[in-house]
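Novice: Relevant sequence annotations retrieved from Swiss-Prot are reproduced here:
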- GLU476: active site, proton acceptor (ACT_SITE)
- ASP433, GLU476: Mg(2+) binding site (BINDING)
- ASN441, HIS446, ASP450: substrate binding site (BINDING)
- 425-560: domain 'GGDEF' (DOMAIN)
- LYS438: site 'Transition state stabilizer' (SITE)
- 20-40: transmembrane segment (TRANSMEM)
- 357-377: transmembrane segment (TRANSMEM)
Amino acid sequence: MPHETLLDNQGWFKKLARRFGPGHVVNTCFLIVMLFSTLLTWREVMILKDAYVASQRNHLGSVANVLDRQLQFNMDRLIFLRNGMHEALVAPLAFSALQSAVTQFEQRRVRHFWQLELDKRRTLPLYGVSDQFVARTTLLSRESRDLANELTATLELGYLARSSAMLTLETMYVSRSGFYLSTLPTAYGSDIVSRYYQYVTQPWFIEQSQRRNPQRGVRWFTSAQPYVADEQKKVTASLPLDHDNYWYGVLAMDIPVASLQQFLRDAAEKDIEGEYQLYDNHLRLLTDSAPEQQTENTLNDRERALLAREIEKDTLGGLRLGTHYVSWERLDHFDGVLLRVHTLREGIQGNFGSISIALTLLWGLFTAMLLISWGVIRHMVKNMFVLQNSPQWQAWHDPLTRLYNRGALFEKASRLAKRYREARQPFSVIQLDLDYFKSVNDRFGHQAGDRVLSHAAGLIGSTIRAHDIAGRVGGEEFCIVLPGATKAQALQIAERIRQRINDKEILVTKSTTLRISASMGISSAEEYGDYDFEQLQSLADKRLYYAKQSGRNRICASDATQEREKK
């Protein structure tokens, strides 16, 4: 029947309320509300975080794409020049001017330095060193059978290399055969030798050997040492020239770091938040978009190590380093990585910071209101519960000692004894009586006696275990029920109670203190296998009498005849 089900549910709720108490129910409900509100807020925070990370990547990606396109143009041009030289090596032009240049080379190759020039208006001059200079190192060689073709191909390169490339400072071809061509002119004289020597000793030339660069692709090199002035720092892209498995030389482009810095600063002007930083493949800072003399966002060694570990895993990503959020992306046409550093201050001042602050304030306001409501409702429920249950509490407890009264103690103890008998677990009882209590009433009055009883009850309650129960069963008599305690454990608890009562002094009047003692008797179900509480309490009371007869302030845990035998 529906009506019966409703009654059953009401009974179930009443049992739950009696078991846990209304305070626990209120706490649980508010805890669940707090938990769900926190989870919802946390979900919004995670969504906001993902949006912030995506925004950082979008800003970085737009700048990285533009920079990559600029660098790609230069790389495509470098590859175009190499392809042109390769075609000239395979099928050289039969121009008389080129043949004349080869003849001039044969005449001048023994000179300490020399120069070949076809047309000052349309091509670039060719500079070279002597056979003796080339023979000094195994890295250089003029033993190629296609030396004449390489020479004419380099002169043809002069027509193509004259046109400027974006961001490029210098474009050059350096041959292992002792000559070079550059978009930057060289004064005729000993500068030719020193410049060629400088070229062939650079990493971008040496590292392009077939052993060190077996892939024969573009490689990047930096000259960003601390002792190099900012205006002299540059990055170099180099590409080897090969034909029939023979390495002829290196095509290279120098890009000044100042050009890259200006590009990043132009990008930063459009993006008022964040700082862009360009690093090489060793995570050495090349340049950034920060104004002059402002380097507070530079990464330290520890942060660079953390970033390097993350970069090894993916081509782009983000990482929080202290109060900075660093998003990074590898460039496709540069052997390095571009970073966008966003500080906490910039984040707070931005749109996402405003949303985060508003979300935090809303959560804090809701939490504060929830806590205030919880306190008010819990206080109201507690008062109602106390008012509702005060007659029952008064019926079960002794008003003076706030321990169970005799009837309540016997009822609860009997139920506990039955439960522990079924579980075959130990069960013990302590009967306690305050020594010479009648003389306290006679000497100091009943008010002092009440104070002694309340004091003793407080010591008993603070000494027993959490699941033990204690009650006042007579004038100055107390009974303590110890479920789960053996006789030996009960003796230890009784001794602690006796010592605490005996050690504490009680202020019975304004100028008088009193030290009291207690005698106790102990009984346990393990002695005779009897779990009847009234029998155990009676036996403990009997042993209490033996303790008093033996001199008081002591504990008796066995029959008097056994005590005498022990003595």
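Just so it is clear, glycine is given a Cβ too, placed from its N, Cα and C backbone atoms.
These numbers come from a predicted model, not from an experiment.
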Novice: Round to the nearest Å and give the CA-to-CA distance linking LYS438 (site 'Transition state stabilizer') with GLU476 (active site, proton acceptor).
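Specialist: Approximately 9 Å lies between the Cα of LYS438 (site 'Transition state stabilizer') and that of GLU476 (active site, proton acceptor).
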Novice: In the same chain, which residue numbers or ranges, 6 or more beyond the ends of the transmembrane segment (20-40), come under 8 angstroms Cβ to Cβ?
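Specialist: Hits for the transmembrane segment (20-40): 363, 366-367, 370, 373-374, 377-378, 381-382, 384-385.
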Novice: Of all the recorded positions given, ASP433, ASP450, GLU476, which has the fewest Cβ neighbours within 10 Å once its own Cβ is left out?
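Specialist: Lowest Cβ count within 10 Å among the recorded positions (ASP433, ASP450, GLU476) is ASP450.
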Novice: Going by DSSP assignments with H, G and I as helix and E and B as strand, what are the residue counts for the domain 'GGDEF' (425-560)?
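Specialist: The counts are 65 helix, 37 strand, 34 coil.
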Novice: Taking the Cβ of LYS438 (site 'Transition state stabilizer') as centre, how many other Cβ atoms lie within 10 Å?
Specialist: 11
Novice: Report, in whole Å, the straight Cα-to-Cα distance of ASP450 (substrate binding site) from the residue listed as 'active site, proton acceptor'.
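Specialist: Taking the Cα atoms only, the residue listed as 'active site, proton acceptor' lies 10 Å from ASP450 (substrate binding site).
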Novice: What mean pLDDT does the predicted model reach across the domain 'GGDEF' (425-560)?
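Specialist: Mean per-residue confidence for the domain 'GGDEF' (425-560): 92 out of 100.
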Novice: To the nearest Å, how far is the Cα of ASP450 (substrate binding site) from the Cα of ASP433 (Mg(2+) binding site)?
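Specialist: About 14 Å separate the Cα atoms of these two residues.
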Novice: I need the most crowded of these binding-site residues: ASN441, HIS446. Count other C-beta atoms within 10 angstroms of each C-beta and give me the top one.
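Specialist: Going through ASN441, HIS446 one by one, the largest Cβ count within 10 Å is at ASN441.
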Novice: Other than ASN441, HIS446, ASP450, which residues of the same chain sit close to substrate? List them in sequence order, counting a residue when its Cβ is within 8 Å of the Cβ centroid of the site.
Specialist: VAL440, PHE444, GLY445, GLN447, ALA448, GLY449, VAL452, LEU453
